[in-house]
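Asker: Starting off with a structure, shown below.
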Amino acid sequence: MEWNTFFLVILIIIIKSTTPQITQRPPVENISTYHADWDTPLYTHPSNCRDDSFVPIRPAQLRCPHEFEDINKGLVSVPTRIIHLPLSVTSVSAVASGHYLHRVTYRVTCSTSFFGGQTIEKTILEAKLSRQEATDEASKDHEYPFFPEPSCIWMKNNVHKDITHYYKTPKTVSVDLYSRKFLNPDFIEGVCTTSPCQTHWQGVYWVGATPKAHCPTSETLEGHLFTRTHDHRVVKAIVAGHHPWGLTMACTVTFCGTEWIKTDLGDLIQVTGPGGTRKLTPNKCVNTDIQMRGATDDFSYLNHLITNMAQRTECLDAHSDITASGKVSSFLLSKFRPSHPGPGKAHYLLDGQIMRGDCDYEAVVSINYNRAQYKTMNNTWKSWKRVDNNTDGYDGMIFGDKLIIPDIEKYQSVYDSGMLVQRNLVEVPHLSIVFVSNTSDLSTNHIHTNLIPSDWSFNWSLWPSLSGMGVVGGAFLLLVLCCCCKASPPIPNYGIPMQQFSRSQTV
């Protein structure tokens with residue numbers, strides 16, 4: 001037991017020695033009272049949505065945003081100036097144009113009976129596609145896919161005739177402004193480092209070019225720097241309208257030719273005091289990877305942030321219901337709305353599918369009596385953002401004679417039950433299926449398609465019927481003729497035979 005305690009103490013010392021800590025004893029005259037905590041606003045609504053980022057997702061791909069509360073107990077704050085490198089989802093550098101490259105086998109199967117009747121079935125088979133093959137085929141032109149003519153052999157079943165096709169489907173994906181990685185729900189784990197990018201569909205790769213390096217324009221904001229009273233350790237920086245920037249594990253990194261402080265979540269900031277003097281000088285980062293972060297990242301390891309598990313549990317329950325039932329209601333979908341302003345994922349329903357894309361969420365501080373408009377933190381009144389002319393809006397909103405906002409409607413004593421109506425979700429089809437059908441079976445490597453009628457397939461089913469009837473009729477007629485034309489046996493004679501005598505003979 002004593003040895004275990006000794007090794008535990010040594011381990012704690014090692015961890016503390018390897019964790020960069022920023023300490024600062026702020027002058028008493030600079031300490032200010034900061035009462036505002038990072039509270040959940042009345043509502044959050046998406047703005048600056050990038051339409052081309054919205055793609056259909058399966059229920060299993062839904063993800064609950066992290067909910068948290070920021071408590072300033074035991075901290076003192078000093079006013080400071082913070083330079084922040086913002087990441088806007090509307091930036092032109094945040095997208096990459098490309099296309100999906102498919103490799104599939106179009107198969108025609110023919111079965112022929114004794115009488116010539118034929119059954120023709122068309123199917124599409126997913127074909128394996130290697131990364132190198134995707135690279136080689138990406139720059140080539142490919143013909144539009146088609147099924148081969150059937151190969152039918154008398155009294156043979158399941159005669160296959162295959163043809164393999166490559167073809168392209170245009171697709172724009174998101175790009176991480178920091179790491180230059182490609183982001184899309186269709187990718188394995190939703191992220192890809194370099195093109196070609198493998199998708200969760202076998203035989204489908206995304207191919208595109210990485211945009212040129214781009215350095216966002218920084219913004220200078222007035223905020224506060226927070227220090228713990230007992231050890232004078234700097235723990236966070238806060239600016240109104242932004243999520244707290246944790247500094248318990250902060251370090252410095254060079255990006256776009258400038259030295260930045262990399263926060264606990266990976267944001268890049270600079271902290272300066274009055275007159276532009278530098279206030280923080282953390283150690284150099286061991287991990288210099290820079291990637292785009294948002295307001296919905298994991299705050300659970302930060303000591304000064306308390307995760308709001310009540311709201312998160314509601315979202316997890318909604319996710320469980322949607323996944324188990326294959327149905328979704330506006331109320332359930334509203335649980336996936338980020339409750340804090342900043343970059344986030346927005347959802348809406350379209351033709352039985354859940355669409356998800358990138359938006360900037362802004363805080364709503366007031367809603368007018370008829371819910372036609374909302375007021376933002378800068379006292380600007382705005383109209384609710386709609387998805388084209390659909391009645392289903394972002395995060396479960398329903399537009400109609402009355403605007404229904406599930407997270408507001410749930411507080412009414414008499415609420416609109418329309419938000420509780422569940423609708424069936426349709427499967428997200430394989431990309432190849434758009435050429436032949438609207439349904440697919442993604443649970444196997446075989447894409448099932450029903451019999452696809454065409455001119456020649458119809459003729460193949462008609463003539464065997466006529467020929468079969470002719471064969472049967474001819475055989476019956478031949479049997480009748482054979483029976484009728486067969487020679488009859490001689491008729492037996494039962495009379496008394498008469499003898500023939502010569503004329504000269506007297507009887």
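Every residue, even glycine, has its Cβ placed from backbone N, Cα and C.
According to Swiss-Prot, the record shows the following:
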| type | residues | note |
| --- | --- | --- |
| SIGNAL | 1-20 | signal peptide |
| TOPO_DOM | 21-461 | topological domain 'Virion surface' |
| CARBOHYD | Asn30 | N-linked glycosylation site |
| CARBOHYD | Asn378 | N-linked glycosylation site |
| CARBOHYD | Asn389 | N-linked glycosylation site |
| CARBOHYD | Asn438 | N-linked glycosylation site |
| CARBOHYD | Asn459 | N-linked glycosylation site |
| TRANSMEM | 462-482 | transmembrane segment |
| TOPO_DOM | 483-507 | topological domain 'Intravirion' |
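What's the neighbourhood like for each of these?
Answerer: DSSP assigns Asn378 (N-linked glycosylation site) to coil in the three-state reduction, placing it in neither a helix nor a strand. Packing around Asn378 (N-linked glycosylation site) is summarised by its Cβ count: 9 other Cβ atoms lie within 10 angstroms of its Cβ, all protein chains included.
Within its own chain, Asn389 (N-linked glycosylation site) has no residue 6 or more apart in sequence whose C-beta sits under 8 angstroms from its own.
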Asker: Summarise the model confidence on the topological domain 'Intravirion' (483-507) as a single mean pLDDT, whole number.
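Answerer: Averaged over the topological domain 'Intravirion' (483-507), the predicted model reaches a pLDDT of 51.
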